[in-house]
């Protein structure tokens, strides 16, 4: 069986795509024309180069790999086009370099004759559905068999712990994927948590032999039970073997999570209170969270009350602080979702259940290949490039935080099979444009439009009134986390801290002050094409009278006329001055009125100019 392109490790594909992306447009089109014969499809992929953060070569290879293209076909094509640097990236992944001709011999191998004929007929062979013959510089049989064997070695099982947390790893793999400074052998009981050891009998007694009435939740890798010991409530995480997992995977998973929990001490990360490594089962012990998970409270499951906006903002701020702390230790949680944000009796958030992926120490460990079907429950919180490519970086956690923030802001579940689209991320990403120009003003205006769209269409209404400024800042934090490029966790954290502070301050302000600070947009003057000239000719006396009515009414005289007192006149004068504002100088009276261009019209004019400069297509100008 041939080794297919989609079986290549992510680090190989990434290096290959970056190399081919740097080719000239002519060379790239020549390469792509051998892969895709349909010009319409080719132009569609080529147009994606305008989208920020998208590699058109990766999209091209993804399209080709879905049609069962092999690594042999890819190498043959690269050598036929004399793209030897790109071919070397693929060939360097092969386990048997002696079965390959040296790279310096490529120019001598590619001569007129069978090799050139094979390259010229590559396009015709693809049309006929025939496999492409290997070039003369590759040995038949051993090359693809070796590639297949290496592919199986380089695809780590999803249950395996990262290199820095593994216990029994072969020296060859350890030297290839891990830094030499990381210990290769580590005993489980050498951890600093020896004193936290629980016996099987203690856990069985606390959970009443894992009675079903004590079960809190059921997961892919573990079940959570509630137990009690010495009058204190605990949560017991009982690990279980997954079908098809490698031997000892549960031990490695236990050790990985223990090391992570013992290493991370933060008020917003769930602490580890104990562990058990018995013959019957393995278990981790955590404090019991009285208010369940954020997911339960968002949709008021059970008898729980609806979370208020200050509580929601505080929970989101705590979540961002927890993830930021993990990233400062070069640890990727990779399992951030509302179900894993637990709430204690004071509604303080505790991030739990990490998959325990430390950041890599070298380039090749930047990528972790995982099977998608094991992450179906978490797919709603994962970016598309991680699901497709398996590239695990800190951006995965930032994207997941954005989805959780959006859940709290909108009250919409991350996944709903009865909704179209099913995933909340697809609903939000349709609002966030993927194409951004280098013009700063256009990026700023586009971001404001996206924020307003999210607030107007999807804001949660059941949790009460959220000030407009807070809602827009919150939506900005969501947009920052979901950006394809330059997603910033720190920027989102600062935004949510501002929202939390503003909501706390409003609890102590009178309603009049709140209305001034969060003022509705109805009091903000807007420019329109239809100008009522009568509004410009209102006498100043009418304005003074209307403002004076705000003050307390004067006492009535016997003849029915109102005779204001001295204090009343002073109040009226001060009231009129406050309404009228500072009087402009005489010479500046005529220039106090000016015409301002409508923001939407100005943005449209800018987009039209960008369209004329071919920096913007018609779909982005007028919408799909």
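Quick reminder: no glycine exception, Cβ is built from N, Cα and C everywhere.
Per Swiss-Prot, these features apply:
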type: DOMAIN; residues: 13-94; note: domain 'Death'
type: DOMAIN; residues: 210-475; note: domain 'Protein kinase'
type: BINDING; residues: 216, 217, 218, 219, 220, 221, 222, 223, 224, 237, 337, 338, 339, 340; note: ATP binding site
type: REGION; residues: 508-536; note: region 'Disordered'
type: REGION; residues: 549-593; note: region 'Disordered'
type: COMPBIAS; residues: 558-577; note: compositional bias 'Polar residues'
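The number of other CB atoms found within 10 A of the CB of residue 218 (ATP binding site), across every protein chain shown, is 9. A strand conformation is recorded for residue 218 (ATP binding site) in the three-state DSSP classification. In this structure, of the binding-site residues 216, 222, 224, 339, the smallest number of CB atoms within 10 A of the CB marks 216.
For the domain 'Protein kinase' (210-475), the model's pLDDT averages out at 82. There are 23 other CB atoms within 10 A of the CB of residue 337 (ATP binding site), with all protein chains counted. DSSP places the residues of the domain 'Death' (13-94) in helix, strand and coil in these numbers: 60 helix, 1 strand, 21 coil. Overall, the recorded ATP-binding residues 216, 217, 218, 219, 220, 221, 222, 223, 224, 237, 337, 338, 339, 340 cover a maximum inter-Cα distance of 18 Å. Of all Cβ atoms in the protein chains displayed, 12 besides its own lie within 10 Å of the Cβ of residue 220 (ATP binding site).
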